[in-house]
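The domain 'G-protein coupled receptors family 1 profile' annotation in TrEMBL covers 40-269. Annotation source TrEMBL lists transmembrane segment at 24-48, 60-81, 101-119, 139-164, 176-195, 216-234, 254-272.
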């Protein structure tokens, strides 16, 4: 609830444009992107759950990443789609706080999960003989749980701090960014990823066989691309000097990691990973055969 000194009960959202035709076009575009995001991530969750060949730690973490992507977009995109076709774009004070809480929760959880995935690749490449012992089922479960729960303190502290401020002025919001959570939200998990990949690259360069180096690099290339997409766009949003950012550029960059990146992640893993492509084909084939009632 708003603090006692706050006189605001809702915020007015300016959105992307006031042009009705452009709003319809954006609605169709974002709806298609959202549907592709849901389809792609649910497909990853399905194939990594049912295919016996994908019951490994790497795909266990990938399944969690896809679930996080679905939850992350669920927080932002449906409200954005409603606002694009609504004459009055607004959000209540409580609704704004709730959306902010889950935005920080799923966003920070994804950051830490990406660092856990980097550690998994570190063990697989730098300690391959001990991989099955180190990355056992119990450790993987705790790592995934820790990643999900890491979003709780970040989201609680950040939301409580922001919503405790007095809101007595204009209630119009053009766009919103917060730098207070940057260290936890971006830099700390990213430093863990950086340490893991420093060791990984060193190990790969020391391999005598070019084939071995190529194979080792291919096992982490998809994760590297996903990390680059997520942290690259997030860094452009949070770490650029304020003087270099216009409201329009902020909105476009924020769309990259809130809408575009969750759509691209399953595509990256599907196109660059032969095991995932094979699992998708097997899953689709089984479903088709079931419909045709072929034994």
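A Cβ is built for glycine as well, from the same backbone N, Cα and C atoms used for every other residue.
All TrEMBL annotations are machine predictions without curation.
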Could you check if the transmembrane segment (254-272) is in contact with the transmembrane segment (139-164), meaning 3+ Cβ pairs under 8 Å among residue pairs at least 6 apart in sequence?
no
Per the Cβ filter (under 8 Å) with a sequence gap of at least 6 from its ends, the transmembrane segment (216-234) is approached by 58, 65, 110-111, 114, 117-118, 121, 124-125, 185-186, 190, 193, 197, 200, 203-204, 207, 253, 256-257, 260-261, 264-265, 268-269, 272-273
Would you kindly list the residues that approach the transmembrane segment (60-81) from elsewhere in its chain, counting only those six or more residues past its ends and only Cβ-Cβ distances under 8 Å?
27, 30-31, 34, 37-38, 41-42, 44-45, 48-49, 91, 99, 102-103, 106-107, 109-110, 113-114, 116-117, 120, 140, 143-144, 147-148, 226, 258-259, 262, 265-266, 269
